[in-house]
Amino acid sequence: MQIHKLCFLVLFLANAAFAVKFNFDSFDGSNLLFLGDAELGPSSDGVSRSGALSMTRDENPFSHGQGLYINQIPFKPSNTSSPFSFETSFTFSITPRTKPNSGQGFAFIITPEADNSGASDGGYLGILNKTNDGKPENHILAIEFDTFQNKEFLDISGNHVGVNINSMTSLVAEKAGYWVQTRVGKRKVWSFKDVNLSSGERFKAWVEFRNKDSTITVTLAPENVKKPKRALIEAPRVLNEVLLQNMYAGFAGSMGRAVERHDIWSWSFENAAKNN
């Protein structure tokens, strides 16, 4: 009995050492790594972006960058084990600076390296490039919020959300929007509401991974709307071979010929290492 208690305590303490939790209501730069053109949004650019994390700069053609949490985050007890459950949420806005076109979008990313020196702009979203796109050794998860239809990546539209594994071609993609449940008589009915990602409005996204069934879900809604009970995307069994023991998490974004701003206004993250 005592041995069982001791084993449980050792396991609990070991898992607690892996636990990570943070919540940024705004950013001051002290807990972030800025790669490429990523920066804290200046208050002097006419769109009141002070305190936002931005991946691109208007003055730089084909701008791209990454903003990552300063420390690596444990996603597995070891490289050969199953991933911890985790959940993250963030508010963002995408604002076109040239009309009528927008592009290209941004993504929440989990990546093994804090290095975007080989990343490309345009449809590669500042994450990958033509040479390494699609390679399993990338070990990259990207939840993309895409505002330009790149046919070479089989994009379903110029306004969609996708789950990408080691590639800019989405494993699963859905048009941008959210589900609303209403009561019609005695029945509950789901209806879908479209949103325009590049409207300049603020949206909130939730990304959750469940260890018990290896499923990742993505949920989206306008900032002032309560989290929908139905996810926009549900992708099963995609992360076991992708995630490594320690990785970086954050955001990447890029522009093509059209100029748009990608601003992250708040961000929270928690892994469930202490509960595994």
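Just so you know, glycine gets a Cβ as well, placed from its N, Cα and C.
Annotation comment: Swiss-Prot describes 1-19 as signal peptide, evidence class sequence analysis. Taken from Swiss-Prot, the feature region 'Legume-lectin like' applies to 20-270. What Swiss-Prot lists as N-linked glycosylation site is ASN79, ASN129, ASN196.
Feature annotations (Swiss-Prot) mapped to structure.
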residue: ASN79; record: N-linked glycosylation site; DSSP class: coil
residue: ASN129; record: N-linked glycosylation site; DSSP class: coil
residue: ASN196; record: N-linked glycosylation site; DSSP class: coil
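Across the structure, ASN79 (N-linked glycosylation site) and ASN129 (N-linked glycosylation site) place their CA atoms 25 angstrom apart.
ASN196 (N-linked glycosylation site) sits 27 Å from ASN129 (N-linked glycosylation site), counting Cα to Cα. Sequence-distant contacts of ASN129 (N-linked glycosylation site), defined by Cβ-Cβ distance under 8 angstroms and a gap of at least six in the same chain, are GLY118, ALA119, SER120. Counting other Cβ atoms within 10 Å of each Cβ, the lowest count among the glycosylation sites ASN79, ASN196 belongs to ASN79.
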